[in-house]
Amino acid sequence: MLSLRDHLTILLLAVAGFDYVVVGAGTSGFTLAARLAEQKLSVALVEAGDFYEAVWPLAKIPGAVIVGLGSSPTATTPIDWNFITAPVPGANYRQVHYGRHKTFGGCSVCNVMIYQRLDNGSMQRWADLVEDQSYTFDQVLPFYQRTATFYPPQNELRPPNASVQYNPAAYSPAGEPLQVSYPIDSIPFSSWMVGGMQAIGINQTQDFSSGHLLGAQWCPFTVRPSDRIRSSSEAAFMSAAANSDRLATLTLYKTTMGKRILFDPDRKATGVEVRTGTSRYTLHANREVIVSAGVFQSPQLLMVSGIGPSEALSQYNIPQLVDLPGVGQNMWDHLLFGPSYRVRLITGTNIANNYAFAAEQLALYFSVRRGLFTNPSADYLAWEKIPDPLRQRFSADTLRNLSWFPPSWPEAEYISFHIFLGDLANPLFDQPKDGFMYASMIGSLVAPSSRGTVTLASNDTDILPIVQPNWLSTEADAQTVVAMYRRMREAWHSAAMAPIVIGEEYFPGPKVQTDAEILAVIRQTVMTIYHAACTCKMGTRNDSMAVVDHRARVFGVTGLRVVDASAFAILPPGHPQATCYMLAEKIAADILHGPGNGDGNGDDGDDDGDNGGG
């Protein structure tokens, strides 16, 4: 319940108005709002959730990331939106929990913290699709560098078989405020995966921040090395502003829901109708409204405001402002699946099943910031194109689909994870209780051709939209994931990993051998790795499915942008966290300085005629 003072404060701020109103305080939204406020522009940052430090402090601990990971609706946390997909045909019509997070910091609060940039080829494809060469890797590298302070690995303290290679030139020494570092305590299983990957022909590469991904290497995380806690967008920028007036012009609206974007008769965005508790009011934007509500709720907010496919709006009696058929369409995603084995190592199974060991590790974490809880677990990654002879088994249609992806764009990612995954329903609570330790390799399809949708369930943003990922809906995806499963088995069965493997494959087991049997297991267990993107995709005006232009401005209106993963032109391979920060930095610079004019005034106009009119 809001106090009278709170109500009066809200009304005064709403009447006064802001230069910018940003809806959604996640990875991109908090970054963009902070960068604008640092230039003394007045910014309202609207967030449906609260501060996770108060509501879900466990999120600060890197090794606690497994809590809330799983396909079951029971795999949730107090800051989860609790999205459940529509029945997914390619996943045996299962309805799968899709974690999205309602808090300052958004998904940077509950992701696995992997910090990894894109490859040259995928960024060149992005640049070509939006007809703007400022999106090539070399051109966006300064925006990647702008957010992060990089801490080199302490190889002298890490185990000898977990030594990290990296490229110091990939980072700027003046980077701020996001903390990027390596754990001192690596995951023991990951050191054995190094040999397993080499055994199947995936050799180590220098790093994953210099424009090249093919190969394998230890990965850095968004973890603050001084105390080994998560560095989210909220924690990073709030810490950087502590004891200063750096963000004095930023006003945070917590537990406040964006309801509708408002426009004047010329279709210029003028503000956002919001709700805090039972109070509904308008936040006025003198310059722009920026939507950063996430890959599911950014398209939802556009649609309830009259921007989207005409048939979707008419179904819920929403007056049409702009007919943009691409809103909520074109959803890319990366999948998660993989086999599990018994191993001769201490793994996360011991944390889940042995409370005394878990307490010992927590005590080690809180006392000296060491141990398994300092590591988010997925600390070794490998990428590849599917090699022959498995590639020779692909159909002509699959090869044609995969040929769209540039040579540097991997098709498969393999991730170390030191627990039993099984059916992926709720891994933390589904560890076998037989006294054995378990580990898994995660396969992630990073060159998918299946596309999903986000559609309305109501004209009210309090009702979650309908998410249909359409995983494994193409032959190309189905054939590729089967090949990936076979590749992971090759690594597990290699001489390099033999010393730690106990017995035969535990899940799904050696009886699963044919392509059809492997695919059946994948369909029954597959879930997301939480990388949905492109539901308000960036493109050119002649692309009927594009929603925003190269400057993230929504077509058909003025004064409105979308800046988060929904605005990606493509979902590049790997983990999108760093790219969400990059895009926010790039668009913030565009707003502050315009496209190359450097005058500091920004430009809400139409520099190429592609987002004005209708």
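From the backbone N, Cα and C atoms, a Cβ is placed for every residue, glycine too.
These come from TrEMBL:
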DOMAIN    18-335  domain 'Glucose-methanol-choline oxidoreductase N-terminal'
BINDING   THR27, SER28, PRO576, GLN577  FAD binding site
DOMAIN    448-584  domain 'Glucose-methanol-choline oxidoreductase C-terminal'
ACT_SITE  HIS575  active site, proton acceptor
REGION    594-614  region 'Disordered'
COMPBIAS  601-614  compositional bias 'Acidic residues'
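Long-range Cβ neighbours of HIS575 (active site, proton acceptor) (same chain, at least 6 residues apart, Cβ-Cβ under 8 Å): ASN111, VAL112, ILE114, TYR115, GLN116, HIS531. Within 10 Å of its Cβ, the residue among the binding-site residues THR27, GLN577 with the fewest other Cβ atoms is GLN577. Mean model confidence of the domain 'Glucose-methanol-choline oxidoreductase C-terminal' (448-584) amounts to 99 (pLDDT, 0 to 100 scale). Per-class residue totals from DSSP over the domain 'Glucose-methanol-choline oxidoreductase C-terminal' (448-584), listed helix then strand then coil: 43 helix, 25 strand, 69 coil. Highlighted in sequence order, GLY26, CYS107, SER108, ASP564, ALA565, ALA578, THR579, CYS580, TYR581, LEU583, ALA584 have their Cβ within 8 Å of the centre of the Cβ atoms of THR27, SER28, PRO576, GLN577, the residues recorded for FAD, and are not part of that set. Of the listed binding-site residues, namely SER28, PRO576, the sparsest Cβ surroundings within 10 Å are found at PRO576.
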